[in-house]
Every structure is written in C-alpha cells, then in structure tokens.
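This report refers to the structure that appears directly beneath it.
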Amino acid sequence: MRSRVPRKEIKSLAFALYDTGETILGALVVSTFFPLFITKHIDVKIYSLSYGISLLASFALAIFLGKLADENALRKKFFTLFSLLTSLFLSSIALLYGTPYLALLSFLLMLISHQQAMVFYNSLLLNFENKGFASGLGVSFGYVGSAIALIFLADKLKEPEVYAVVGLIFLILAVPSIITLENPEISAKISLKEIFGDRTFLLFLLSLLTLTEVANTLIAMMGVYLREVYSLESVEIYRIIGFSALGGVLGGIFWGVLTDKLNVNRVFPLGFFLWSFFFILLFFAKKDYLIFVGLLAGFSLAHLWSTSRVYILENFPKESVSVRMSFLSLTERVASSFGLFLWSFFLFITQDNFRLSALLMGTLPLIGFFIYLKTKLD
C-alpha cells in the first residue's frame, strides 16, 4: 500500500513555500534592484517619502480589510486576491520600466498588496494544529529563499526582466498555499475601539517592538559593524552573514518544534534574554569567534519571526486575528526606522564606539521583558 504524506505536513510545506517566495521578492526587488533603479531617475527623498506613505496607507487598509475579513470569514479570499495582485503589480514594473513614475506607482501598489497578503497569510496559521512548526518551517525556508536569491539569481537576472521573473517565482510559490490552506471560518463582530483599548495587546506589541528594533538594526548594520570593529574584508563579512543564514535555517525548525512541544508562552519570553546575551557576546567577541556570533544572530532572528505570530494567535481573541496581525506588520515596519534612529543616537553619544553602542542596544530586550511581564500581571 502506497504511503501518503499527512495533510498537515503538506500544509506546512505549502506555508513555507510562500515564505520562500516572499523573501525572494524582498531580497531581490524591495532591497536591491528597484531602489537602485528608481533612485537614478527620481530624487531619493521622493522615493523615501513615497515608500513611507505607502506603508501608512497599507496599515490603514489592513485595519479596514482585516475587520471586514474577521467579521465575514474572508481571510483566505483576501490572501488569494492580494497574493495575485502582488505578482501582477510586480510583473507590471517590467512593462513600465521606461516610465519611472509609473514604475514607482506599480511598485508602491505591489508593496501595499504584499503587506495585505502577509497579514492574511499569517492569519491562515489559525487552522494549523502544529502552528509552531509551520511558522518555524516558513522562517527556515525564508532564509533558504534569501540565499537562493542573493547567491544564484542576483547576478544572473537583469532589468527589466527581473521584475517579471520574480513576479512569476512569487506566484508559483504562492500557488500551493492558495490551493491547500483552508479558510478559518471563525467570524464575529469586531470593535476596533476595543482592540485599540486592549492594554494587554498593546503592551505585548510594545515589548515585541524592543525585539524587532534590535533585530532590524542587526540586519541593517551587521556588515558595517564587522567592517568598523574588526576591519574585515567583504568576503569575510559575507562568510559570517552566510553562517547567520545557516543559524536562521536551523533556528526556524528548532524554535518551531519547541513552540509546539512546550507552548509559545514558555518559548517566546526566551527571546528577551537571547537577544541581550547576543549583544553582550558581541561586545566581548574576539575575531576568531565571529562565526559563532553569526550563527547565534540567525538563531535569534529565527526565534523572533517563528514565535511572535504564534503568540498572537494563542493569546488573543481568534475572531480578530486579521486586525491584530495588521498591528504585527506595523510593529515590524516601525522597528525598521526607530531601531536605526536609536543606533545612530547611541553612536553619537558614545562618539562612534560601535562596541559600546551595540551593548547599549542589548538593554532594549531587557526593558521589553519588564513590559512583557506587565501583560501577565494585567
């Protein structure tokens, strides 16, 4: 008798493949090709302002659509719609390449669609029995997707076809989720006033912000830190970042399995101490131990991305999952800006002492832990 793969494993794989496509899109288009292209034709300030406005518009739309989806059980339909629109707007950039302002408009519409898709994508975890494993596997596949994008695709793809190719890759990797993932049928009347007034939820988001701030700062500044503190060459920096990706792959699986076995309420708080330990280690680390530091960086990032969305699913009303996931998305966006602002401030007050500035960043997770404790007391 032919053995069959259990359905929950198929669903987990489909979920992870979507994460792969999402990270390929982010690594190749959002972070690399499009910014380099558009800033040759449009003032950087206009691009930055447009990008920021699109994120605010995306959050406002996510709140509205999230409420609509939660009240009418439309999460899967919105996930499918915005996944298809993401691919469409991304591919359209190739056709509009000769008219930069129209290309920018298509890019911004792609960003907004992508953010909506991610909100409803995270909401679909609601139906998983093995939420931790599915989330962690998605994180692991995301790291693999980034590696594939930067190592194998970045040098081979050229503009403008890169946008059509990545749009197609994203669509192909989204299809398994569109076909196999089920719509959570939970629905209820949603009060935005109650959610905005949910003290426990807002305190959790604030505690989470302390982690996402240090995580996004690490992603943005790790290469610069290694160059300034250890005088590493580019090849050595790439090697350490590569080991960080390996730590992310291993960490996604590890934290996902641990979350299912121990419960996310036990696993998530470990992140506050994990990140503080990382920055203490970074302060004292000698050059010979940087590979281990890189592994720990990826391992810590994997913990954050694997557990945060599961924590929301398990600790707050499931009827309002889409609205709450839109707040998770906003937290990640805010952290990208505020974390870098704080890093710059620490460099300023320490007179460009990178080691000490990193150590100061390590105090944020400890502050976050005390905020998190307030959620339990409440």
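In case you wondered, yes, glycine gets a Cβ from its N, Cα and C as well.
Straight from Swiss-Prot, the features:
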TRANSMEM  12-34  transmembrane segment
TRANSMEM  44-66  transmembrane segment
TRANSMEM  92-112  transmembrane segment
TRANSMEM  132-154  transmembrane segment
TRANSMEM  161-180  transmembrane segment
TRANSMEM  200-222  transmembrane segment
TRANSMEM  235-257  transmembrane segment
TRANSMEM  267-285  transmembrane segment
TRANSMEM  290-312  transmembrane segment
TRANSMEM  327-349  transmembrane segment
TRANSMEM  356-373  transmembrane segment
*asked:* Below 8 angstroms Cβ to Cβ, which residues of this chain, lying six or more residues outside the transmembrane segment (327-349), approach it?
replied: 55, 58-59, 62, 115, 118-119, 122, 201, 205, 208-209, 212-217, 220-221, 308-309, 312, 356-357, 360-361, 364
*So which residues does the transmembrane segment (200-222) touch in its own chain, when a touch means Cβ under 8 Å and the partner is 6 or more beyond its ends?*
240-241, 244, 271-272, 275, 279, 297, 300-301, 304, 308, 311-312, 315-316, 324, 327-328, 331-332, 334-336, 338-340, 342-343, 361-362, 364-365, 367-369, 371-372, 374-375, 378
*Residues from the same chain, set at least six apart from the ends of the transmembrane segment (44-66), whose C-beta lies under 8 A from its own*: 35, 38, 78, 104, 108, 111-112, 115-116, 119, 192, 320, 322-326, 329-330, 333
*Which residues of the same chain, at least 6 past either end of the transmembrane segment (267-285), have a Cβ under 8 Å from a Cβ in it?*
132, 207, 210-211, 214-215, 225, 255, 258-259, 293, 296-297, 299-300, 303-304, 307-308, 310-311, 355-356, 358-359, 361-366, 368-369, 372
*asked:* I need to check the long-range neighbours of the transmembrane segment (356-373): which residues 6 or more away from its ends have a CB within less than 8 Å of a CB in the stretch?
replied: 203-204, 206-211, 213-214, 217, 225, 269, 271-276, 278-280, 282-283, 342-343, 346-347, 350
*Long-range neighbours of the transmembrane segment (161-180), counting only residues six or more past its ends (CB under 8 A)*: 10-11, 13-15, 17-18, 20-22, 24-25, 28-29, 33-34, 79-80, 83-84, 86-88, 90-94, 97, 121, 124
*Distal contacts, the transmembrane segment (290-312) - CB-CB under 8 A, six or more residues away*: 122, 125, 131-132, 135-136, 139-140, 142-143, 204, 208, 211-212, 215, 218-219, 222, 226, 230, 232, 239-252, 254-256, 259, 264-265, 267-268, 270-271, 274-275, 278, 281-282, 321, 324-325, 328
